[in-house]
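According to Swiss-Prot, the ATP binding site annotation covers A15, P16, S17, G18, A19, G20, K21, S22, on the basis of sequence analysis. Marked as domain 'Guanylate kinase-like' by Swiss-Prot: 8-187.
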Amino acid sequence: MTQLPRRGVCLVISAPSGAGKSTIANALRASEPTLRHSVSVTTRSPRPGEVEGVHYHFRDIAEFRRMAADGELLEWAEVFGRGYGTPRAPVEEALDAGHDMVFDIDWQGHRLLRAALPDDVVSLFVLPPSLEELERRLNKRASDHPEEIARRMKAALDEISHWSEFDHTIINSDLDTAISQARSVLTAARLATRRQRNLLDMVASFSR
């Protein structure tokens, strides 16, 4: 089978907290070992078991803001008093080498990432089947206190209001189905004509 070289896909998955974006993104990474993960920069403290450079790049707020000011971050935001951002260099290097990447970020990150990489981003928004189900899922998280859940529910409504900015939308009422749908989005993105290098030369050779 002929495989032409192509530019990588930047798959962005966004959703309100509890809708399943991280679970879906992790399932894609587990099923496709070649799928690259962007290691974000954050100003929050490491949680037990988290490793620098594997889960996050942990930086203080001054360094984080310097990176943002110097253009070293493709996108960044301060959420709940914590800074999160995507380093520019490793992403651009991976895409140019033909490696696909998946990001689980919020709508603001998606907007900034699309502005920075307009030809590379393919985006997917994950909706919960209902707000009641979303609240139930958040309540199952033992680490979140009632005040935190209330704050996340308020933030969820804001996140959901931006669903129409995304290329694709799925409803996560069944996780296996949602993962399969996300994989279909990635497969279609890989086949985009604009992403396949040397395709023009290959087709031109048919008439020789």
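Backbone N, Cα and C atoms are what each Cβ position is placed from, and that goes for glycine too.
Each of the binding-site residues S17, S22 was scored by how many other Cβ atoms lie within 10 Å of its Cβ, and the smallest score goes to S22. Residues T23, V126, P128, N172 surround the recorded ATP site, their Cβ atoms falling within 8 Å of the Cβ centroid of A15, P16, S17, G18, A19, G20, K21, S22, which are themselves excluded. Per-site Cβ counts within 10 Å over the binding-site residues A15, A19 peak at A15.
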